[in-house]
Amino acid sequence: MEAQHNETEAAGKPAAKKTTRTRKPRASKQATFIAEAPAMPIAIKEPGQFGRVNILNCQPSVEDDVYAARVEIGEQFTVSAQVFMEGRTKVGATAVLKNPRGRIMARVPMTVENAGLDLYTAKLQAGEHSTLNPWDAEFAEVKKQLGNWRVAIEGWEDTYGAWLHDARIKVDVLSDVENTLTSGSELLTRWASTRDANLNAEQRKTLREAAKSMMDTSLDAKSRLTFADNADIEALHETNPLRDGLTSSGDHVFHVERPKSSFSAWYQFFPRSEGAYLDDNGKKVQGNFHTAVSGLERAKAEGFNIVYLPPIFPIGVTNRKGPDGALNAGPDDPGSPFGIGSELGGHDTVDPLLGTMDDFKAFCQRAHELNLEVALDFALQCSPDHPWVKEHPNWFRTKPDGSIAYAENPPKKYQDIYPIDFDNDLEGIEREVERIMNLWIDAGVTIFRVDNPHTKPVRFWQDVIAAVTKKHPEVLFLAEAFTRPAMVRALSYAGFTQSHCYFPWRNTKPQLEEFLQETNGKGGYYQHNTFWPTTPDILTAYVRDGGVAAHAIRAVLAALGSPSWGIYNGYELIENRQRADAEEQSSNEKFEIKVRDWSAANRIGISKLLTSLNEIRSKHAATTSYHNLTILPSANENIIAFARQTEGRFTKDGRTDTLIVVVNLDPYNEQQSSIHVDAKALGLPTEHPYRVKDQLTGREYDWSWDNFVSLAPWADVAHVFHVETGEQPLD
């Protein structure tokens, strides 16, 4: 029968790529070709029915394709499916990638991952990797590549492969030779004339001449077989196969998001602490948006690309909290920026102590000049002084005595915060939040970090994010939701681009191995975990007690364990004094202004390490994907090792990028271990050693299958090896 489908100009080859600047991608011409295959009345797969080839379990699938899997533009990702036919019939499979306009951008042959399970896989890349920012003029071309891409799996009977398998056996024992060779000659002739194979004139000529030579009875059988069994024909079989019984799955949607949706490096600081100092009387003088430029410059110097600010709105006076959340605030206590709203304004107003809206716009402009995006904390809650309390009393819950209920998480009480009640005027609250977010976007904000979104209805966030991104598709959302996995997953489905996660509490080797695989496995298609060693709300015992070594260990794990990571400023200064009653810093910056001596950072060395880690990330494509991490076996429970690898067809220079990360988890003692590397699985040399170069120290070693490491907290807490394969870069 006739099977119709679209072809690319170069079958099996993805569109051309580059890493930094992005040009308009070239799409192949779309044409309809007729597959001249034997009559197979069920070759086309109808919805709910099996085709001639059976295709099952197409992955990734998020909630049975109710929600789209998500990847960053240019990010390497893997698709898989079970493809099979009856009996011992050989099959082949192809992954077909289509852009939002339906054009086929790549047709990639799939490889057998598990023959017993009929499982085939292929690695794909949607669009071209870019480092452009939303304000760059060229970003318009990036935007054209964003949106819903589609992947279909094509299965087909591998007639040539099956014939060749049997022909080798029969010719070797001289069984039914003439019928076998005649069938092969006819197969090559049909292959040469099949338009589905998309052969050029030279390739068709090769097949026809081979078919003719196979019928030369003056030659012995083995010589005749070689005309169909050689490297040239095998190469055509890989790139331009004869595909009988062609069957296609339905399209599976992948939502392709803009740069930094997956691969990002965050730096958090409080503007009021930047440039703060003690006056002659020992009184703290807070910083503002002018002095906070120093935070931008520090973030840039250390290699971060997103600066994240806590709420910058007016702070309430009623029930204002004192140091470390004390119930009674003194006259000079600045209060928590999360107690939002005063007589000066609410979420749409700049705190006058920080400056004006024009000052904030100038701050954002300076950030953009430094190639830094500005992320703003959006905490949807109010102080008792917020204008909404008077303007929209139905947005809050009242107690039987008529008073408004403040926030509680027993035994904790937050008298300075009123939570929102969404059940009386959901649409009105949505419209107001959309208005406010658009206001800050116009001022220069491109990302919102949402505080405690899990305490609000998921549908609310789904509506708000959809409305905001419809107008501003470049805007990203980070969910600060330390809660149950189902809720975090739901928030991701609702549109949150990234998520805070439980990385700070994953400290042992088993915990980390499980969490790394969870983050970089199927979950990475809908939930982008961002690894933060500490935050203003989190200071674990591991970091508290482990000193400089613990800070270094956690930084390496965060930077290389996830494509997205973040640092809360002060990490460089080992600020690790913990409150007695909470797992967070004492003298917490949420409640007071910090005056810091940044000159100590160079002496401690963490700042230099952060810079090195971000430099490694910027140079190595292997660090950019949530779908390329492999745990490596190590013999010591205090040593963890993993590899990240991106294939050469997805890198700027065409060379496969492989990183091997080895970390000592013990911040007190030297640890030694053997590390096993499955060289074959990673495509590394199997018969001889290969060279690895430590990206932190520059030292080089010869590695192979099993390797010895020794790491000490007073020397190197980690190795970050780049495998020097000797591949030549593309011209």
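Here, residue 1 is simply the first one shown, and the rest follow in order.
Just so you know, glycine gets a Cβ as well, placed from its N, Cα and C.
Here is what Swiss-Prot records for this protein:
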REGION    1-31  region 'Disordered'
COMPBIAS  1-10  compositional bias 'Basic and acidic residues'
COMPBIAS  15-27  compositional bias 'Basic residues'
BINDING   Lys321, Gln381, Asp416, Asn452, Lys590, Phe591  alpha-maltose 1-phosphate binding site
ACT_SITE  Asp451  active site, nucleophile
ACT_SITE  Glu480  active site, proton donor
SITE      Asp537  site 'Transition state stabilizer'
For Lys590 (alpha-maltose 1-phosphate binding site), nearby residues of its own chain (Cβ under 8 Å, 6 or more apart in sequence): Pro310, Gly325, Ser336, Pro337, Phe338, Pro536, Asp537
For the recorded positions Asp416, Asp451, Glu480, Asp537, the one whose C-beta sees the most other C-beta atoms within 10 angstroms: Asp416
Glu480 (active site, proton donor) versus Asp416 (alpha-maltose 1-phosphate binding site) - Cα distance in angstrom: 20
Same chain, 6+ residues apart, C-beta under 8 Å of the C-beta of Asn452 (alpha-maltose 1-phosphate binding site), given in sequence order: Ala379, Gln381, Glu480, Ala481
Gln381 (alpha-maltose 1-phosphate binding site): tally of other CB atoms within 10 A of its CB: 23
For alpha-maltose 1-phosphate, whose listed binding residues are Lys321, Gln381, Asp416, Asn452, Lys590, Phe591, the greatest C-alpha pairwise distance in Å: 19
Count of other CB atoms lying within 10 Å of the CB belonging to Phe591 (alpha-maltose 1-phosphate binding site): 22
Rounded inter-Cα distance in Å - Lys321 (alpha-maltose 1-phosphate binding site), Asp451 (active site, nucleophile): 18
Secondary structure of Asp416 (alpha-maltose 1-phosphate binding site) (DSSP, helix/strand/coil): coil
Neighbouring C-beta atoms (10 Å sphere around the C-beta of Lys321 (alpha-maltose 1-phosphate binding site)): 23
